[in-house]
Structure formats: C-alpha cells, structure tokens
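Features reported for this protein in Swiss-Prot:
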- LYS28, ASP170, ASN201: substrate binding site (BINDING)
- THR70, GLU92, GLY94, VAL95, SER100, ASP118, ALA147, ASP172: S-adenosyl-L-methionine binding site (BINDING)
- ASP170, ASP196, ASN197: divalent metal cation binding site (BINDING)
- 7-25: compositional bias 'Basic and acidic residues' (COMPBIAS)
- 1-25: region 'Disordered' (REGION)
Amino acid sequence: MATTNVEENKQTQEQQPKEIKHQEVGHKSLLQSDALFQYILETSVYPREPEPMKELRDITAKHPWNLMTTSADEGQFLNMLLKLINAKNTIEIGVYTGYSLLASALALPDDGKILAMDINRENYELGLPVIQKAGVAHKIDFREGPALPVLDLLIEDAKNHGSFDFAFVDADKDNYGNYHKRLIDLVKIGGVIGYDNTLWNGSVAAPADAPMRKYVRYYRDFVMEFNKAIAADPRVEICQLPVGDGITLCRRIS
C-alpha cells in the first residue's frame, strides 16, 4: 500500500535529527537538559531556599544584567560549603546584587565577617534591603572599587596573612590569575578559594569557531589559561565542579 502524504511527512520528520538545546555557547546552565536542571531546582533547591534568598533572586531576575547572578543551585552549594568548613572570616570579589553574598552571610556565625568588593555599589544596593531584613548586614564590609588595591593593602600587613577561611571570586575573568596570587597569601593553609565560571558556559570545551556570544568569546581564553595555571599550582588541591557555570575549589596546602 502506498503511504499517504501525512505518513511520508511524519517519517521525514522522524528521520531528521532533533534540535539540540543550548547549541550556542552562552547558556547559563551547563546541563544539556533544561528539564533535568529544572528538576534539580524544584526538587532540591527551591524547597530549601531561605526566604531572603528567594526574594533576592526574584529581584535580580528583573535586572537587565541578571545573567551575572549566581545560580540558585550554586548558592545552595556555597552555603553548605561554608558550614562544612566552619568558615568565619571570608572574602568575596564580585558581588552584583548580592545573591552569593547573602548565601555566605547566612552560613556564617553571628560574629562572622565577609570583606565584599565590587566596582558597582548601585547593583549591591538593589539587594541590600533584603540582606538587612535577613539580619546579616552586620557581617558584611562592602568596599566599592577594584579589588586588587584592597588585597594589596591587606597583604602589606603581615597579620592578615593566612587570616581568611574562605574566598569566593566571581568577577573579571582576565584578573583571576592576579586575584589568585594575592588570595593564596591571605587564605589560611587548609582554607578554600572558590573561583566561579571556570567552565565558562561550556566554551572551554568548544571549538574556537563555535557560535558564541561576544562576551563569552572575549573571556574564553582567559578562563582556559587560568584553568591550566591553577591545575599546575602545587600550593593547592583543586576540584572543578559543573555546578552553575562551573566552580573550581582550591584548598591551600602550602
């Protein structure tokens, strides 16, 4: 029996490869399945997300630069990590609206401190009312401006060497190497440094001529260079995780 036009069209469609999600490098989640990422969020993250973090996430979602924010699953991860290592004195470079900062502040004891640095105070002030309402603003020492001069000033005082339990970097990728040179002196032996975006939207494993958003392509080589350098640094143990946009944890051992 001859097939109908409808059947022929159906067979043709079935033979064609299905559209692959996230073909363009630049998607926020590294997971190839949106459904799987949504499952993680709805099953494990959102039900346990503190109300202040949910409120700040909703505020940030309306901001035009919202792609810069820490993902909810990574916020949960940071909060758990700080509790596991009993962090008390920390550094955060790159704040944006403060979602990761709030996750950290909620994890620290009441007398814990976070030295937070960002070049844009206006973005930080979007989330500040939520941070204040959560009762953790007293833990945060916010400095507006480039982080390197602040770190250099800290290093000048020997008392600051090895005085921090944890540092989180989510800022200009072309300066990650410069941040590491300084943080390795400021974080104690046994302390941890977390570098965000080290898988950089998956671009680190993509061909150089793959379709990418301009900002992804611009920073791709900087991220790849940093990843190679940190993998060869004998002063730290490292673990690179595909959480959020990729986070590399460095535990200082010497």
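Here the Cβ of each residue, glycine as well, is placed from N, Cα and C on the backbone.
If you take the Cα of THR70 (S-adenosyl-L-methionine binding site) and the Cα of ASP170 (substrate binding site), they are about 9 angstrom apart, rounded to a whole number. Here the candidates are the binding-site residues ASP196, ASN197, ASN201, and by Cα distance the one nearest VAL95 (S-adenosyl-L-methionine binding site) turns out to be ASP196.
Cβ neighbour count for VAL95 (S-adenosyl-L-methionine binding site): 27 (other Cβ atoms within 10 Å of its Cβ, all protein chains included). When the binding-site residues THR70, ASN197, ASN201 are compared by the number of other C-beta atoms lying within 10 angstroms of their own C-beta, ASN197 comes out lowest. Largest Cα-Cα distance over the residues recorded as binding S-adenosyl-L-methionine, namely THR70, GLU92, GLY94, VAL95, SER100, ASP118, ALA147, ASP172, equals 19 Å. Within the set of binding-site residues GLY94, ASP118, ASP170, the entry lying nearest in space to ASN197 (divalent metal cation binding site) is ASP170 (CA atoms).
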